[in-house]
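> Could you have a look at this structure, given as structure tokens, before my questions?
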Amino acid sequence: MTELEKLRKAKIPCPETGITVRHTLCDICTPDNHCGVDAYVLDGRVIKVEGTKEHPHNHGLLCTKGAANREYIYREDRLRTPMRRVGRRGEGKFVPITWDEAYDEIVRRLDAVRREEGADAVAFFSGYTKWYRTLLKRFAYSFGSVNYGTESSVCFDATFMAWAATTGSFAVPDLDRAATYIGWGYGPHYSGHLSVGGMQAFKERGGRLLIVDPKITPAVKMADLHLQLKPGTDGALALGIAKVILDNGWADMDYVEKHTAGFEEYRAEVQKFDLKTVEEITGVAPKLVAAAAELIATGGPACMHQSASPITQHRNGFQNYRAILALLALTGNYDCPGGNIPIHFTYNYQAAGFATREREYTTATRPAGDRTRIGADRFPVWNLFQDEFQAMDLSRQILEGTPYPVKALFACGMNLLMFPDTDQLRRALEKLDFFVDIDLFETPCTRYADIVLPACTSFERGEYRVYPSGHSFYTKPVIDPLYESRSDADIITDLARRLTPEDTLLCQGYEAAIDYILQDLSISVAGLKDSEFPVMTPEARPPRVGLTRTQGCPTPSGKFEFSSTLLARCGVNPVPNYPENLRRPEGGRKFILATGVRLPNALHSRLHKVPWLRSLRPEPMADISLADAARLELERGDTVRLTTDGGSLCVKVNPTSTVLPGTVHLFHGYEKANVNALLPADWLDPCTGFPAYKSIGCDMEKCPAPDGEKG
Amino acid sequence: MKLYLDLDMEKCSACGACAVACMDQNDIDPDRELPFRNVFCVDRRDSAGVESVCASLSCMHCADAPCVPACPSACLAKDAETGFTLYDNQNCIGCHSCAMACPFGVPSFNSQGKMEKCDGCSVRLAHGMEPACVRVCPTGALRVYTEEAYRAVHGSRSILRVLQLL
């Protein structure tokens, strides 16, 4: 091999090889990460990726998913052209059409629905990812529809609502100054890799780590104490910990008296959860509950990190979450050094220490009609806190037509397999007058659309991002858009020019939107584009600690509300509680099934067809405990039938010591092992409308063969 | 300068980022070829109970590599400077002698039947870059050590512990 051949094979960027390194970001997962990526480009094609060392957020690191960006962006099933459906809905038969033909038909059809049924009869939905949501929301409102909704109907929003109902703002752990770190349902290794380093550093300086999780995750191996509770029983555990704290006189009564509201009602609820009751419900031994209480209350400043959504994905998820938050107030760890510090979002679900005009941009054209959003009547708590429809009521409203008909759907990246009772949504999509879906790939959802439009990835566009460090980043495309694909934002802009021409700001497109949002700041799109890397936003400031202790919380009472004023107004129990009917989460069945528990190589359904990632776990497999495997005489690769009140499916098993006996974990989004179909459409938290993905009663029996060879 | 490509087993979560980065670096199609690096979690039983052990494995670059003398075509050699087990598969006859000699079964064979394996990203190292697996590792478990640094690290966390587990 010649020296040049060696350089080419090793993909060394240099003049001899012609390989250049260009900077972009990974848009596979949540805005919490969006790691900087170095794309190695040769002849207009990405030949390798690495994390960007100069990036202030990921410092060169990537996770399993991000490392697979090259295969992700070049997936063979990328949509190549706009397409019109020619087969029946769901069949997947399409013919290519031009962009103009697609736009003309979308405009004609959406206009017709708007004219005949009213603009609210068109629902606008965003799946993953979230980068264009600012524009989509304004587009929905300018079109005249109150119905803008997102996949956040099942993800982060319930977490946000629990904070909003309790303290008025979201709050993050001040890990650098904490002595105790509570990771409640939190395991960063497979979902938030950038937090692993902080956890390691915390441990190395002698901090004590408490993990509450039904699984033995890699984070549990780092923990000083692990409470391995039954899925969904978090509220009972948190109330039980509170009782130990109160009984021992460990509560910070000075904080409670000065800064909280509703303590007596909370104390009365706590009294129901003695250690014996807690053990019966959660399965956690009394001595471990007591040890956790002592650690949280007496171990110095304690901060808490909860996962983005799993805690809220139970029948009592919202109240469970509030019961966990109450521990911060009880121990005086809210808004203090080493506790949890309130933050405010800057842009696109991220707090970067400065304010933008994102909210003004998205809400300026909100229609003033009298129709309520989808799900507003069924989920009043959701409707109070969220400025979007609750997507878990979408299929019902389409099918039943009440309180008014929804006839058309404009969706970006919609994931059919996210929805409980997937067949109900399929029936709803079949009933629509018109459905347009924008995506990167052909999916089970695009097969139902009348018009499908090809979007491009973050590598093929420019976009604005903010990071918690205060940095702003405006990326530039590192390759041209593949095939005929266009960016989601450009597609929305093109359609806005045809459907909402009176909204001149929206019609100016994405960069104009960002410049509008940044208008009070010293940065602009043009200036940010001059830099290859994120730049510090001059106006960014670190969160101010202790402000709620002097100026009060942004709640109706101005206090940390054990008993929530706003929940009481919605007719919901205002005090964190754990209901009698969930004392046995498995109900009448033998196991608790949790869907979507994180795997390192998967995110929703979007990575199942990436060969590098699929090779790490080639088939859908249910993780079960060693004890249950032994009892049912199951070995790795054997097949079981899982049955719930929603249905049944057959899947292979992976017995592992990381799983609690009595529980079954199966990742979602596999077409041939679609586990979310096992959840009935109404298997929801009644407060938030969130599906109880993480706990449903389930039976498991050995069966001859799986439903599908590959998912 | 002798180098060691080692894994801190206490930090590894078998997330597989290293395996994916390796496939990206080496253009491996896992549907047709064997990856150079693999991750796994196994349940290990001892007197204290059962523990899930995570690891990432590739060529161990043995000091006394049995694959080197096993090759009839002299494709494999120890690099005098780094100590990595390198190869030039131009003369490989695809006899699999190296794979049979390797205690870990590391050498794999591409669609032309020629041997391939981890070369420690030696060309990257020569250009001041880390091996792809080390560069990506989000927990800092995989690292390249100089001999001096390697001796300072306590061996109980090294990938050599895998030998006791297997």
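Cβ coordinates come from backbone N, Cα and C, glycine included.
All annotation found in TrEMBL is predicted automatically rather than curated by experts.
Straight out of TrEMBL:
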type	residues	note
DOMAIN	B:3-33	domain '4Fe-4S ferredoxin-type'
DOMAIN	B:49-81	domain '4Fe-4S ferredoxin-type'
DOMAIN	B:83-112	domain '4Fe-4S ferredoxin-type'
> Determine which residues of the chain contact the domain '4Fe-4S ferredoxin-type' (B:83-112) at the Cβ level, with the cut-off under 8 Å and only residues 6 or more beyond its ends counted.
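Answer is 2-5, 32-34, 36, 57-63, 65-77, 118-120, 122.
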> Which whole number is the mean pLDDT over the domain '4Fe-4S ferredoxin-type' (B:49-81)?
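On average, pLDDT over the domain '4Fe-4S ferredoxin-type' (B:49-81) sits at 95.
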> Looking only at the domain '4Fe-4S ferredoxin-type' (B:83-112), what are its DSSP counts of helix, strand and coil residues?
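Computed counts for the domain '4Fe-4S ferredoxin-type' (B:83-112) are 8 helix, 5 strand, 17 coil.
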> What are the DSSP helix, strand and coil residue counts for the domain '4Fe-4S ferredoxin-type' (B:3-33)?
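Looking at the domain '4Fe-4S ferredoxin-type' (B:3-33) with DSSP, the answer is 10 helix, 5 strand, 16 coil.
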> Using DSSP, tally how many residues of the domain '4Fe-4S ferredoxin-type' (B:49-81) sit in helix, strand and coil.
4 helix, 12 strand, 17 coil
